[in-house]
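Enquirer: Marked as domain 'Acyltransferase 3' by TrEMBL: 9-311. The transmembrane segment annotation in TrEMBL covers 12-32, 44-65, 86-106, 146-172, 179-201, 221-250, 262-281, 293-317.
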Amino acid sequence: MPEPSARIDGLEALRAVAAFLVVFDHTLLMLIDNGQLPEALASLAYQLGSVGVAIFFALSGYVMSLTASTGQGGTRAAGRFLLRRLTRIAPLYWLVTLIYVLRLAIDGRPPSPEALLQSLLFVPHLDAAGQLRPVLGVGWTLDVEMYFYLAFAAVLLLPSALRLGGICAIFLTTGATTFLSGATIADFFINPLLALFPIGMLSHVLVEKGRGRTILFLCPVFSLCLLLSGIPPATCLSLAIAPLLVLTAVHFPRLTGPAARAILLLGQASFSIYLTHGFVLGPLGRVLENLSLVPPLAVLLAFLLTAFAGVTVHLLIERPMLAAIRTRLGKPRKMEGALAAR
């Protein structure tokens, strides 16, 4: 079993990988829209983004199970958990969303007050195009994360041995109920990627028991079953790959040296990178339309600029804001603070 510090390093590095897979996805789509890459690469772009999101979800399941295993359950623990998750995600998300709303208003395309309120409250809803998207498009994953956090808070009321089963029961019951009722947002609750949260939790349980390699067998078999049931291949591949990458990250040796520090900083800034990369890629796409830059260099430039913007936001806004909030709320346990998801 690796030391906790090594596990933290591996998970932080994997967050950076996940964030840049999403950046890679959107960069490829930008170049395709510009006519600089063939349309045939769109499927590759979507696959990369799907794997990146899947990693985030599997990481959340693993980390939440890990942090819960070091503390008590019960009503107070559930309340503290929700408060810390909300204060970790909401402030920066709200700030970036409001900046985006200002930009939309300047362009004469402001969202409706109802859509904005639902977005800020993490309520899944259909946008004007009929898609399950909040005002800030990338925020759909945060709606999913918040759903998991609510479910996880509920199972903190149960004995630890029943929590994994409790999460599965909540997801299955909610998914079946909304699907059978024909609810307009049923697709949100039957998204196959939701399975990554309990899979991440199961990964932690098995790792703690010294049986982590079981995931090497379970995930491909589970993904194959989904594929045979008609789930899109890209989703099935993401479900197979993400937990295996989490397992690899957990057993990765502790990272040292300047390059390692840079990777860990990118992992710590992954949430900022994820939320802000669209603000970089939009203007960059317009600039690249007038430049004869070969696609590999365009992708590299996109990576460098999104990394710079995300790290800057993390260091100057996100980190001080979180520090101020945590000072008021009281510091979390060391393990919880080090492994706070995204």
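Backbone N, Cα and C atoms are what each Cβ position is placed from, and that goes for glycine too.
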Enquirer: Which range out of 86-106, 146-172, 221-250 gives the transmembrane segment (44-65) the most CB pairs under 8 Å?
Expert: 221-250
Enquirer: Same-chain Cβ contacts of the transmembrane segment (262-281) under 8 Å, 6 or more residues past its ends?
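Expert: Cβ under 8 Å, 6 or more out: 9, 11-16, 18-20, 22-23, 26-27, 30, 89, 92-93, 96, 99-100, 136-138, 255, 302, 305-307, 309-311, 313-315, 317-318, 342.
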Enquirer: What stretch of 12-32, 86-106, 146-172, 293-317 shows the most Cβ pairs under 8 Å to the transmembrane segment (221-250)?
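Expert: Most contacts with the transmembrane segment (221-250): 12-32.
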